[in-house]
Amino acid sequence: MASTPCFHVVLVLVLCFFLTTAIAAAPRKAINVPFQKNYVPTWAGDHIKYFNGGNEIQLYLDKYSGTGFQSRGSYLFGHFNMQIKMVPGDSAGTVTAFYLSSQNTEHDEIDFEFLGNRTGQPYILQTNVFTGGKGDREQRIYLWFDPTKDYHSYSVLWNLYQTVFFVDDVPIRVFKNSKDIGVRYPFNQPMKLYSSLWNADDWATRGGLEKTNWANAPFIAAYRGFHIDGCEASTNETFCATQGRRWWDQNEFRNLDAKQYDRLRWVRERYTIYNYCTDRSRYPKMPAECQRDRDV
């Protein structure tokens with residue numbers, strides 16, 4: 001029986017639906033490894049404790065010092081995941097940070113910063129993106145769970161097309177490559193990964209109004225996972241030798257799909273408490289990247 005024009009139209013629409021919904025994908029599953037495989041302490045190494053052969057560590061903050069660590073290598077693009085259990089109880093004034101950063105004056109940086117709280121108040125997750133030394137792109141959200149009760153995954157998918165922040169499997173922020181509209185994008189400066197637990201009671205909790213209560217010290221943040229899947233480069237390289245051939249370079253990782261954008265919208269509508277894109281006191285004119293990043 002001959003097919004009708006109407007049938008062809010429906011067939012085309014169905015094919016288009018499957019093509020557009022299959023164009024994006026979630027990052028590959030992170031692989032847990034011991035701390036020492038990918039990371040080394042950077043300061044106050046005596047404030048880091050190791051468990052289970054380095055598969056878990058704890059960072060300690062007391063009135064004398066915090067502590068931190070960094071990746072062994074530098075990377076141009078990839079997928080970076082850390083499982084963290086935040087400081088429990090009264091953590092006001094403390095900051096637990098997990099971020100990527102290059103090493104020069106006009107540096108690039110991709111930040112997760114977890115701002116401590118008074119007991120019973122929610123943690124705040126602040127994200128920021130620096131390009132060419134310029135930041136001031138803060139966004140703050142509440143989390144939809146208590147991050148002190150169990151480990152949760154915090155990850156960055158960074159490629160030539162977009163930088164995506166994930167909490168577990170939920171995208172909470174996208175920073176697209178918007179060089180074509182005059183916005184710098186981190187693409188040619190290798191970055192190391194860093195994490196630290198430190199005292200920032202001059203700004204971290206209610207703008208510095210809530211101070212660290214040292215009677216509750218030591219403050220302890222726990223880590224595991226330590227997953228790095230990136231293009232390793234020296235700090236002087238400006239191009240990844242395998243560019244275009246790694247899984248995160250492929251078409252399905254150049255954008256979010258409809259379901260992921262729905263989850264991002266859910267975070268925006270329910271949990272966002274500050275967004276630089278909508279702060280007209282700082283930016284009378286909305287920054288150029290905000291519309292493309294679907295931040296408004």
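Please read every residue number as a count from 1 along the shown chain.
For all residues, glycine too, the Cβ spot is worked out from N, Cα and C.
Annotated in TrEMBL:
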ACT_SITE  Glu109  active site, nucleophile
ACT_SITE  Glu113  active site, proton donor
DOMAIN    26-223  domain 'GH16'
CARBOHYD  Asn117  N-linked glycosylation site
SIGNAL    1-24  signal peptide
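Structure with TrEMBL features highlighted.
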residue: Glu109; record: active site, nucleophile; Cβ neighbours (10 Å): 18
residue: Glu113; record: active site, proton donor; Cβ neighbours (10 Å): 19
residue: Asn117; record: N-linked glycosylation site; Cβ neighbours (10 Å): 23
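Straight-line distance linking the Cα atoms of the residue listed as 'N-linked glycosylation site' and the residue listed as 'active site, nucleophile', rounded to a whole number, equals 25 Å.
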